[in-house]
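The region 'Disordered' feature in TrEMBL is assigned to 1-28. As annotated by TrEMBL, domain 'Guanylate kinase-like' applies to 17-195. The ATP binding site annotation in TrEMBL covers Gly24, Pro25, Ser26, Gly27, Val28, Gly29, Lys30, Ser31.
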Amino acid sequence: MAATSRGTTPVPPDVRPRLTVLSGPSGVGKSTVVAHMRKEHPEVWLSVSATTRKPRPGEKHGVQYFFVSDDEMDKLIANGELLEWAEFAGNRYGTPRRAVIERLEAGEPVLLEIDLQGARLVRESMPEAQLVFLAPPSWEELVRRLTGRGTEAPEVIERRLAAAKVELAAEAEFDTTLVNTSVEDVARELLALMKVL
Ligand SMILES: Nc1nc2c(ncn2[C@@H]2O[C@H](COP(=O)(O)OP(=O)(O)O)[C@@H](O)[C@H]2O)c(=O)[nH]1
Ligand SMILES: Nc1ncnc2c1ncn2[C@@H]1O[C@H](COP(=O)(O)OP(=O)(O)O)[C@@H](O)[C@H]1O
């Protein structure tokens, strides 16, 4: 059997964990849920995306994102290095292809935290992926969380809330919806969907 570039024997596709995509409006709590989940289960592999967005205080290159320039993003796209990419609220975001494929071939549970457009593209290119939608308990609570996070200027919050309306209307396209009332509960449900628990 052919070896992967990591030198391991690929796990046959029928027994690999499914690729899992987590999407949901900005501020719903995706990063919080994923961080909680990975604290207990570091074996879940989370793809680190490339973005042209500027780092928030405390964000580190290679941890939350690979922070790239517009030119670098152009090259990643032109060279086919991204599994998918999308423009969201004025910045571009994309999933590096190679690491995802390697981890899936190694049989590891792989999670992508990406926007609705990206989720649709993954569904097209990898129909076996499971799409999970993280929903807020209410619109008012979403506004409260996004505003309360305090990381965006008011006009950026407005753009993200406009995008959130579009994302919420697409919930039915997803295989599963989890409502983020309790971070612990949602993290457990996500782990179960990924067959980690
Ligand atoms: N399509 C796509 N969307 C991404 C990617 N990485 C992050 N996103 C999404 O881009 C949106 C904005 O992310 P970010 O600026 O970190 O804001 P936050 O999600 O509100 O913390 C979110 O919906 C992310 O899920 C990616 O690689 N591809
Ligand atoms: N279940 C929850 N209950 C209350 N607040 C939450 C919950 N989940 C996340 N938050 C808060 O909501 C804000 C946005 O969460 P974040 O994880 O940054 O969202 P996203 O990654 O989806 O943009 C943060 O201040 C976070 O602490």
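Heads up, the Cβ atoms here are built off N, Cα and C, so glycines get one too.
The 6 Å Cβ screen around ligand 1 retains Ser26 from the binding-site residues Gly24, Ser26, Val28, Gly29, ordered by sequence position.
DSSP assigns Pro25 (ATP binding site) to coil in the three-state reduction, placing it in neither a helix nor a strand. In this structure, the binding-site residues Ser26, Ser31 were compared by how many other Cβ atoms lie within 10 Å of their Cβ, and the smallest count belongs to Ser31. In terms of local Cβ density within 10 Å, Gly24 ranks first among the binding-site residues Gly24, Pro25, Gly29. Neighbour count (other Cβ atoms within 10 Å of the Cβ, all protein chains): 20 for Lys30 (ATP binding site).
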